[in-house]
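Since the structure comes first, as structure tokens, the remarks are kept for the end.
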Amino acid sequence: MDTVSDVPYIVEATGLTKEFKGFAAVKNVDLRIRRNTIHALIGPNGAGKTTCFNLITKFLEPTRGTIRLNGRDITRTPPADVARLGMVRSFQISATFPHLTVVDNVRIALQRPMGNSFHFWKSESSLDSLNERAMALLADVDLTTYADHLAVELPYGRKRALEIATTLALDPEMLLLDEPTSGMGREDIARTADLIRRVSKNRTILMVEHNLSVVADLSDTITVLARGEILTEGPYAEVSKNPQVIEAYMGTGGAH
Amino acid sequence: MSTSPTTAAPPAATVRTPRTGMLALFGIAAVAVMLVAPFGVYPVFLMKVMCFALFACAFNLLLGYTGLLSFGHAMFFGGAAYICAHTIKVLGFSPEIGILAGVAFAAFLGLLAGLLAIRRQGIYFAMVTLALAQMFFFFCLQAPFTGGEDGLQGVPRRPLFGLIDISKDINLYYVVLAIFVFGFLVIYRTIHSPFGHVLKAIRENEPRAISLGYRANQYKLLAFVLSAALTGLAGSTKVLVFQLASLTDVAWQMSGEVVLMTLVGGMGTILGPIVGAAIIVTMQNYLAGLGEWVLVIQGVIFVAAVSLFRRGIVGEIIAIVSYYRSGKQQP
């Protein structure tokens, strides 16, 4: 642990609070994520995990608090610009472009840094130079054979894989995964966990995850949220023994 | 990451999109038909169809490819018509200057309206555009230069570029055909450009596009301005054909009519709006004797289109063709 704690924090959120008409979904959360680690955010339903996600990626404006990315204040930065700074998120419900082909899904992500995205007078063949990289990214997640299918036709697990391939196309420094294994069968879960581990090399990952065996397996640090507040934080072995955590998970068939 | 041998082959990403070669061939055939058409059909009618087809195509760029339902496109159509008519009739400029002025005005108005409207989504976007168009309608009703209830009549057809005599319908026909083909190609290219790809992504899943770093509102705004400018081109051209700009062009019914044309033909298809415009204009012309009943028939068609063939005529044809094609491909 000592070696990891020397690494500076990539994301620092302090006093993060989000109130919806008097109801505080997230209360005074301090979340610091170390560079090049996998950090999991867990907690019972309604604990505020996804709200936290939306706040950090600026899809929601925090009521109070500040967020720093690589030491830079992004509290008032629009979400698209946060993505440009190297922090890219996924969504709980699989976020593909359903009526684009699988390869086009990935190409959209690759296209942005080209700087021609406003060029309405150029032919789409100017995007052909991206094909090779797009196919390589698809090969990475075993989607080569699906390249010409519409994303909407993919089985659920494959959609999630496509989503990760699209996210990786941006080569983000910081990756936020919202329930990457939700709704998957056992085989897909193992494949996805494996993929997450592979892509975590030289990257920081923050993930919301319900599957505790995946969390135990992958994460360096776990933050437990309950009713919008941080219950505890630490490595899995520590967190899973915390009586408060066990209590929070009672009846939801969780930690033990 | 290394490129494995399986990725060496270029992806056949074109399988789903209609073959460009076939499309080009079809386009050439269509233009050839249009070149001889005025010898069989009344040219003014064909010109009217082309003006509205361009209008519907421009509208479809926004509805079909960006996912924005504007209910105020009459302000760009009629606004450009007034500016074009005024520039030619009152200020005495030549037709090409009039058209350019109309297009520039529509683009500018599109920028203003777009800045206000694109912050809203769905029905709210439609309502904002409708409200702005209504404001513009009443402005046109009151402003002295529009001629109020009379409109601007008898706009002269001066020689185009000082060379082409467009006072004859048959000559003007070819000018309008050229304008229409130009506008259509601009729209086609826009849809199939890097920008068009981003537009489709935003239409498909806006939060995801934002999460990939696209500032979605800027793309929507550019699409809105392009759509407004091309609508202005259609409106200005209509002035040359009918030598008239009137309140009909800016009224909300005009905004509704273009929605109808696009939906009947098939929104989000390249050719749908043209087919839709041809059907609606033909109906209006040939059923004109029935008076108000034309509106009732239009209403019935609209209801039928929305409930029976929701993809529109061209959309349904594409669906049937691709159904049979994919049926054959499967083992």
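Our numbering is plain: 1 for the first residue shown, then up by one each step along the chain.
Cβ atoms here come from the backbone N, Cα and C positions, even for glycine.
Just so you know, TrEMBL annotations are computer predictions that nobody has curated.
TrEMBL lists B:20-45, B:52-77, B:97-116, B:123-145, B:172-191, B:221-246, B:258-281, B:293-324 with the feature transmembrane segment.
Against the transmembrane segment (B:97-116), stretch B:221-246 shows more Cβ pairs under 8 Å than any other of B:20-45, B:172-191, B:221-246, B:258-281, B:293-324. Count of Cβ pairs under 8 Å against the transmembrane segment (B:258-281): among B:52-77, B:123-145, B:172-191, B:293-324, the largest is for B:52-77. The transmembrane segment (B:172-191) shares the most Cβ pairs under 8 Å with B:52-77, out of the stretches B:20-45, B:52-77, B:123-145, B:293-324.
Fewer than three CB pairs closer than 8 A are found between the transmembrane segment (B:52-77) and the transmembrane segment (B:20-45), and contact between the two stretches is not assigned (pairs 6 or more residues apart). Note on the transmembrane segment (B:123-145): residues 68-75, 78-79, 82, 86, 90, 109, 113, 116-117, 247, 250-252, 255 of its chain, located 6 or more positions outside it, place their CB under 8 angstroms from a CB of the stretch.
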